[in-house]
Ligand SMILES: CC(=O)N[C@H]1[C@@H](OP(=O)(O)OP(=O)(O)OC[C@H]2O[C@@H](n3ccc(=O)[nH]c3=O)[C@H](O)[C@@H]2O)O[C@H](CO)[C@@H](O)[C@@H]1O[C@H](C)C(=O)N[C@@H](C)C(=O)N[C@H](CCC(=O)O)C(=O)O
Ligand SMILES: Nc1ncnc2c1ncn2[C@@H]1O[C@H](COP(=O)(O)OP(=O)(O)OP(=O)(O)O)[C@@H](O)[C@H]1O
């Protein structure tokens, strides 16, 4: 698109130089500029993008946009001045990618916790309803083919140029719907500006990220932007903040997992080793639900996902079948499917800090009739060596059997890490541990020694696809390792 035409389309100031320059893309990161890029110089908290104009130009940028050239900075490129560079970045990204969200049914999910789970559930229910659906979440992005992909610079919600390009890719891959996790940072920094939402889900709000948002009110105000931008809101009646969200979107439904008055309600919740069962009362009628997920909070996530999917056309039967076939979020309290017959329950989770390990083991304890096992390591290199002993202590205290093993030890001698974990367990007064340095062997040992009724938690790696051993990086798939270990059990 010609620079002048692009500027006119977005009501940006007309360029005084090279109006006929061809703009083929937009970026906020000078290192990502390509021939034909428009470089948006963002004044950030750590850097001023204007310092990188020369780098962007060297890489082929044809124009710069910013909130004003700082004193002493000059450029030979055309410079478009706007009041809000991040807002313009989002508008340009949407325009240059042809507004892909307008051709998709888009569901946004925001809240302090539950975004990732609810996003995955929603995309699964939409697929169960026959809609080819893409997904963008902390865990990566997924085309309707179901294969998870990563994008550079790990974000929950990436900056607008990446976001719009992913939406375009989804559309080209045949998606008719997309589910996007919208972080509060993304909402505050205009990363999702220009997305044409069809529905917005609110999980709940608790104090978090106050360093960035300033106050809990500021955090709420940033998250609220998603509800303000959506024509249809799915609100959590159990969250006190919801009062301030009522009537913000033109249409809304509420959900409650705690017996509150709401359009979507659940009762008769039961937890077992294999998941949750509950009864749903909804505008689509009343029906029984089975959800192979651990953690009662997932009832709320499921209600929210169902309400959004129903808005996009899913029937009660499709929702019921969709919940029952949900495979979980990769590496997050993920139940590993094993061969038929009595088996220990095996779970893959990415908990890798002492508090998250403790929480995961406590959650599993409540539905474990037999022994609780954990396989856990601690990363090497410069990754927080002080957590090794506490991890050992938590494993010894909260599990019946703890197996310490490798977990990206990098250049740090593995024996040193294992010794620190053992010391932590021993000093906590526990002797229920052993170290098996090779992770595959450790997993196979735990899974084959455990009995039906036991739970084996494989903690730390979650969905990561590599294992860093000394200077070597090897491919890794914890779920597959678990499946193979289960298959080794004698029938
Ligand atoms: C608070 C926050 O989100 N800040 C993001 C924001 O930073 P910023 O505006 O201060 O920018 P800056 O780093 O000062 O840089 C200014 C500009 O110079 C550019 N630059 C900078 C250096 C350089 O060498 N070249 C260059 O071009 C940058 O691309 C940027 O455009 O824009 C930067 C560029 O995209 C991001 O890297 C940065 O993410 C920081 C690193 C971050 O940690 N963000 C996290 C907190 C985040 O966004 N998390 C949420 C999830 C939160 C949750 O729910 O847990 C997420 O959506 O992932
Ligand atoms: N509806 C919920 N209410 C309260 N806690 C929840 C809820 N859903 C999930 N959690 C807790 O929050 C943790 C993180 O959940 P999830 O990954 O789905 O959400 P998120 O934190 O919003 O996303 P992200 O992965 O982007 O940080 C879960 O392991 C669980 O302990």
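Note: Cβ is positioned from N, Cα and C throughout, glycine not excepted.
Per TrEMBL, the feature domain 'Mur ligase N-terminal catalytic' maps to 23-95.
Among the features that TrEMBL reports, domain 'Mur ligase central' is placed at 109-309.
Sequence-distant contacts of residue 111 (ATP binding site), defined as residues of its own chain at least six apart whose C-beta falls under 8 angstroms from its C-beta, comprise 118, 201, 202, 203, 204, 205, 223, 236. Sequence annotations record features per position, and here TrEMBL assigns ATP binding site to 111, 112, 113, 114, 115, 116, 117.
Using a 10 Å Cβ-Cβ cutoff, residue 223 (N6-carboxylysine) registers 23 neighbours. The N6-carboxylysine feature in TrEMBL is assigned to 223.
According to TrEMBL, the feature domain 'Mur ligase C-terminal' maps to 331-462.
Break the domain 'Mur ligase C-terminal' (331-462) down by DSSP state and the numbers are 51 helix, 26 strand, 55 coil. Following the DSSP three-state reduction, the secondary structure of residue 223 (N6-carboxylysine) is helix.
Just so you know, the Cβ of residue 112 (ATP binding site) picks up 17 other Cβ atoms within 10 Å once every protein chain is counted.
Cβ neighbour density within 10 Å is lowest for 116 among the binding-site residues 115, 116. Compute the center of the Cβ atoms of 111, 112, 113, 114, 115, 116, 117, which mark the site for ATP; besides them, the chain residues with Cβ within 8 Å of that center are 109, 118, 203, 204, 301.
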